[in-house]
Structures are given as structure tokens and as C-alpha cells.
Amino acid sequence: MLRLPSVKNLMLGLQQVLTRFPWVVFAAALKVSAVIFLVENSVKHEFYFLFVRLTLLLFLAIPLFLSLTLVAERRQWKAAYQILAGLGIVALLVLFFMTMEPTPIQRDYYRFGMFLVCAHLLVSFAPFIGFDEPNGFWQFNKTMLLQFLTATLYAGTLFLGLIIAIETVRFLFDVPFSSTFELNLFLIIAGFFHTIFFLNGFPARLETLENQTTYSKSVKLFTQYVLLPLEVIYLIILYVYFGKILVQWQLPQGGVAYLVMAFSVAGILALLLLFPLRNQAEERWIRLFTRRFHLALFPLIILLFVAIFRRINDYGITENRYLVAALAVWLAGISLYLLFSKKDDIRWIPLSLCVVSFLLAVGPWSIFSVSRRHQAQRFEKILKEYNLLSFSQNRNGKIDLTTEKYEQLISGIHYFRNRRELSTLTPFFTSLPAKSQEAFTVANAMEAELSEVVDVKTPVEKTQTFQYYGLAGADQEGFTIDIKGYNYLWGVEFNGEESFISNEWTIKTTEKGALVTVLSKGSPVVVWNVAERLAQLQPQYGDSSYELTPEELTFSHTGLKLVLKNANKQRDIYNFQGFLLRKK
């Protein structure tokens, strides 16, 4: 039966962890403090995104300092060497901090994710670099896994107990708590105490692990009777699908790449859990299963390559597709190694994945550089093919464009818009809004300008009309609206059919965003027709304008007023941002 630690043991464990892992504990405390700051403050706080970047650094600092401590213990480094190595880690973190945008963008979060994978993988093998101790490596990682699960149980029990105590106090004594109190409590326990519980069980002398022969029977039973049967089921499903596409002679769906990756990773994990038993006479089936698993994996790896390269051929290289393609190469390489290598050094699995993850995050070969170059080249190639490099040359007539090419151009605009890198495409356009820094505003202008110079051949694409209208200066800092005479203001943003509820008031859109209905206590008060207003603006402004007056995008009713900051129609779906004002 599991025994939860006493308060005395908790304090003793905390003292031991603080003595052994001071930098890790310090980073964990700072991380929790930074996250609580983000919870307690809105994105409008002047230091909000500064703390976002600091939080990302602290998430990286914890596994990096843990790796440093374990390596220093194993190699018995002097204090001066540890301090120098620690300063080196701090310097790397500062360098990463400086590469991030003031307001982190998608690229920053992707890079952070890959660095986080590297840092955690580093913990698994760093103490064993230079030591031929495959069993010690396995025992260490088994201990980490079990310690993580134990720490999760302890932290979860502690949180649940405190929540019950808080709710009891609230119920019996009517004591008020802030709306974020319980969330902050969760962050403290999950971010700090979970770390303490986890570190408290780390083996002190890693060199002794190589001689350990203990193996948890529960791990074997779980792997043999739960994980492996599930693997066999998924293997059969994927092979049936493989046979289906061969019979029908069609390319696989792009999403199958993720299924194959998940199956492969789960299979490798199952084999790693059984690693110490592979040479035991009574467990010969494990070595046999390992070999057959990797043989069975190769047709699926081929399927994986076909699926991901089909997506690349259809839609170009993106970060996700490049990442999956690189992981497919890694999976093929590691499978070949485990199949033909006589040594079976499983340390190569996390080490090689760590190196691949790091290389994909930095340099001209990174997922960001390669995908950006490919998308830009793909965009320019289509423009050259249809003589569209200078839109200004085609004002007197439209160029016929296929549906496929048109969608590829729009996809390219969306790609750079989502990454705030539309400057890559601006040389190809001539009438973009001046001084606008809003990515969606610039992208909408690009789509509008493109629609003016091309005529899509396929009738289906004729319905893909695009309109965009925005208030003059709406995307500039300091933009204001007149709220005189009104008591309440809501910021609203709708994409298609959505609802916004505030107390007894409800604002919802219907007919794919064309109609806006305001309800009070469930009863309709007014219905405004956004589609009709955009249709009225089209003769005067064409398909787009960024210089509208507030009156032109304002809807009024007794005691209510809706002011649209911007509104657009893409195909037959209406999207808009604005403000709803109400009198008492």
C-alpha cells in the first residue's frame, strides 16, 4: 500500500533537494512566480510578454541545470567548473531570449518546444556520456519515470486535499477567495512541489546502477499484456490501410504520417521497457519480437514517407511537414541501427533525437529557414508562370488562374501572415495599406489585390469572393471610439457563427456571420445585417478599403450601438471585430 510522506519527511526531503539541486529549485520557484504573474495580469500589462519570454527560459533552465548537476556529480567536478558551466547555461538562455520577438510569435514557440525536448532528453543520457553502462542508463531512466509518477501522485493528493480544505472554509465561514486563488495553488504545487517530490528520489551514486538487476514485475506485465497487444492491434490496422491503398492504387492521406509516428514511438518505448530482459533465456520472445517489430515497421516507414511527401508536394514545406519528414528519417535510421547492430546501445535513441531536435531549431537548415525559403520560392514560381510578378502591369485585364494555383497563392499569404513575415511577399504587391503593421490587414489587402488581377477558371472558385473593410487608423496605436452617452462596452470578435454571453445579454451571429442578433434575457432585441452593409459599401469602395469612417461601420438601435473595427467576407463567411455599446 502506498504511504504518503509525513511533514517531517517532506521537510527533510526539501532540505536534501535544496542542498543537492539548488539551481534547479531556484529556477522552479522563479518559473512558478512568473506563471502566476501571467495569470494575475492581462496581456495589456506592459511587462506581460516580457514575463512570457522569461517563463519560457525558466522552463528550459530546469532540465538544463538538472543535467549539469548530474554530470558534475558523476565526474566529480570542482565547484569552479560547475559555476563556469552554470554561467554557460545562463549565457545560452540569454541568447535565446534575445532571439525571441518582443511579443513571441509562432517561430519562438516552435523553437522553444524543440529546445525543451533537447533539454529533457539531455537529462536522460548526459550523466552516462563516456561510460559504457547501458544497464545503468536504463535503470536511471526507469527510476526517473517511476519517480515522476510518484511525484505526480503526491502532488495530486496534496492539491486535492488543500482544495477540499479551502472549499470547507469557504462554505463554513464564508471566507472569500480570489477567482485565481485555486489556479495559483495548482501552479505552486504542480510547478514547485512536484519538482521537489521528483528530485527527492534521484539516485545519489549513478555509477552503482550498472550492477543493479532489479526489474519491476508490474512494468513487465504492463508492457507484455497491455502495451504490446495494443501495438499489435494498431499494426494490423495500419497494415490493412496499407493494403487498401495498394489495391486502390491511391496515395495515402497526409494525416496517416502522424499515426505511423505515434505507433512507432510507442513501439520503441515498449521495447525499451523490456530491454533488461532481452538476454534472459526464459524471455527469448523479447529479442524475437524486437527483430520482427523493426522488420514490420519498414513498410510503415515507407508509408510515412509517401504520406508526408504527398502533403509537401500538394501544399509545400511547412514547419510541421519538415519536422515530420526529419523525424521519419530519424526513425528509419534508428530502426536500422537497432535491427542490425550487435551492441544494442539504447543510449543512441535519446542522444540522436536530441541532436536532430537541436539541429532542426537553428541554422539555415532549420524548419523555419527551409520552410520560409520554400514557401517564398513556390509563391514566386507561380507568379512567374502566370506573368504576375508585377501586378501593376495587369490592371487592364485579368489573368486566368487555375483553382489549384490560386489556392496555393492564398495558402502562401496565410503562411507568412501567421508568422508575421509578410514583408517577404510585399515586393510582389503594389497597393498595400500604408504604415499598417497589422498582419491580418496586410494579408487581406494582398488577397484583395490578387483577386483584382486574376480570374479563377473553375466555377467553384467564383464563389470565393473576398471583401475587407476597416476603420481608418484602426490598426494604429492610440485608436479610440466615441462612447459618449453609453455606460457599458464589450469588445466582440466573431468568425462565422459564434455566441458571446455577458450576464443576461447575448450577442450571436447566424447565417455564417451575416446576421448579428442581440438578446436580453433570451429575447431578441435587434438583428443587424452585416452582409447587407458590406454589399452597400462595395460600389463605393470596391472589394477593400482601410479608410472608412465609424459611421459607415456602425449599427444603432435604442440604447445599443455596434461599431465594427473591421469586417470581411471570405467566400460566404463573414468575420468582424468591434465594440458593442449599451446604455443602462
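Each Cβ is built from the backbone N, Cα and C atoms, and glycine gets one as well.
Features reported for this protein in TrEMBL:
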- 20-40: transmembrane segment (TRANSMEM)
- 47-68: transmembrane segment (TRANSMEM)
- 80-100: transmembrane segment (TRANSMEM)
- 112-131: transmembrane segment (TRANSMEM)
- 151-173: transmembrane segment (TRANSMEM)
- 185-202: transmembrane segment (TRANSMEM)
- 222-243: transmembrane segment (TRANSMEM)
- 255-277: transmembrane segment (TRANSMEM)
- 289-309: transmembrane segment (TRANSMEM)
- 321-340: transmembrane segment (TRANSMEM)
- 346-368: transmembrane segment (TRANSMEM)
Might you confirm whether the transmembrane segment (255-277) is in contact with the transmembrane segment (321-340), defined here as three or more C-beta pairs under 8 A between residues 6 or more apart in sequence?
-> yes
Against which stretches of its own chain does the transmembrane segment (47-68) lie, if we need a Cβ under 8 Å and a gap of at least six residues from its ends?
-> 21, 23-24, 27-28, 30-31, 34-35, 37-38, 41, 82, 85-86, 89, 92-93, 96-97, 100, 102-104, 108-109, 112, 115-116, 119-120, 122-123, 126-127, 195, 199
If we call contact 3 or more Cβ pairs under 8 Å (sequence gap 6 or more), are the transmembrane segment (346-368) and the transmembrane segment (112-131) touching?
-> yes
